[in-house]
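Per Swiss-Prot, the features are as follows:
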type	residues	note
BINDING	Arg12, Ile13, Asn318	NAD(+) binding site
BINDING	Ser154, Cys155, Thr156, Arg200, Thr213, Lys214, Arg236	substrate binding site
ACT_SITE	Cys155	active site, nucleophile
SITE	His182	site 'Activates thiol group during catalysis'
Amino acid sequence: MTIKVAINGFGRIGRSILRALYESGRRAEIAVIAVNELADAEGIAHLLKYDSSHGRFAWDVRLNNDVLQVGDDNIRLFHQSDISMLPWQELGIDIVLDCSGIYGSRADGEAHLASGAKKVLFAHPGGNDLDATVVYGVNQHLLTAEDRIVSNASCTTNCIIPIIKLLDDQFEIESGTVTTIHASMNDQPVIDAYHKDLRRTRAASQSIIPVDTKLAAGITRIFPKFCDRFEAISVRVPTINVTAIDLSVTVKSSVTVNKINELMQKSAATSFRGIVDYTELPLVSTDFNHDPHSAIVDGTQTRVSGQHLIKTLVWCDNEWGFANRMLDTTLAMAAMGFK
């Protein structure tokens, strides 16, 4: 059965999801039937075809009025600001992938359901009242058919949670801190401009900019036992894609660098294959652009202090890796059936 999906919000993640669907060869499993995006159709088609991070799209992209033609597929375009007015029932939509960055509450999810969708997957963290928050590779097996309004967490949560799980299962984490070194995002100006966050008034290309992050809350959402045991900070750096995460944890077991790297390398080839990767090559951030993994552990940067303090560096393409996990979670939700 082919799952019929609609994408609400066709920005960085929305477009990456559609591109990843075609590049990964999953079109027999998932079909994008519709896109809702306030931007004009010409801009939608142009930015799908040409991308500053991911290059030219290999498929032909054409416009026929408000139909986006990708290869031989026709995708309906809507420009509706009121999600309750979207024709999901008429189109037979199974799952809405909400990538707007605006909607994320249970009420927002219910509006999609009221419009006729069977399930909703948010491409960003949601409230505690959602049916589930999924980090694929870690807890998707807990999904049930009753989970209709789901969050796929965030790109950084998807990056760090598998690594925390591996370290905790093997060495028993006591506490930790996380520093996210994140590529610039579209809420930052090219030159100084007004923003309610005064640090984000500054030009994205000229500074390393500290920003607020809810990553610690995202960790405890997946692992409640770590409540008040993790803290996180985030800085934005003047690159347009790929993020690094500096994870430091204290553990009960005595550890060595070799033990940690052996664990990561083995897990990348077995239990977390396709989710976690491992490298000891002398790479830099741009080398991980367009990488579909949630996390790539840089074994050259693993450190241990006093046998119980671990520091690791983990890379991710914060767009492409997350887009691929959106597809994975979509399939996992569909596998539970529709009520």
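Quick reminder: no glycine exception, Cβ is built from N, Cα and C everywhere.
Here the CA atom of Asn318 (NAD(+) binding site) lies 5 Å from the CA atom of Cys155 (substrate binding site). Here the Cβ of Thr156 (substrate binding site) has 26 other Cβ atoms within 10 Å, regardless of which shown protein chain they belong to. Each residue contributes its Cα atom, and for Ser154 (substrate binding site) and Asn318 (NAD(+) binding site) these two points are 9 Å apart.
Here the candidates are the recorded positions Arg12, Ile13, His182, Asn318, and by Cα distance the one nearest Arg236 (substrate binding site) turns out to be His182. Cβ contacts within 10 Å of Arg12 (NAD(+) binding site), excluding its own Cβ and spanning all protein chains shown: 23. Highlighted in sequence order, Gly11, Ser16, Cys155, Glu319, Phe322, Ala323 have their Cβ within 8 Å of the centre of the Cβ atoms of Arg12, Ile13, Asn318, the residues recorded for NAD(+), and are not part of that set. For Lys214 (substrate binding site) paired with Ile13 (NAD(+) binding site), the C-alpha to C-alpha distance reads 19 Å. A separation of roughly 8 Å, to the nearest angstrom, links the Cα atoms of His182 (site 'Activates thiol group during catalysis') and Asn318 (NAD(+) binding site). Not a single one of the binding-site residues Thr156, Arg200, Thr213 has a C-alpha within 10 angstroms of the C-alpha of Ile13 (NAD(+) binding site).
Taking only the Cα positions, the spacing between Arg200 (substrate binding site) and Arg12 (NAD(+) binding site) is 19 angstrom.
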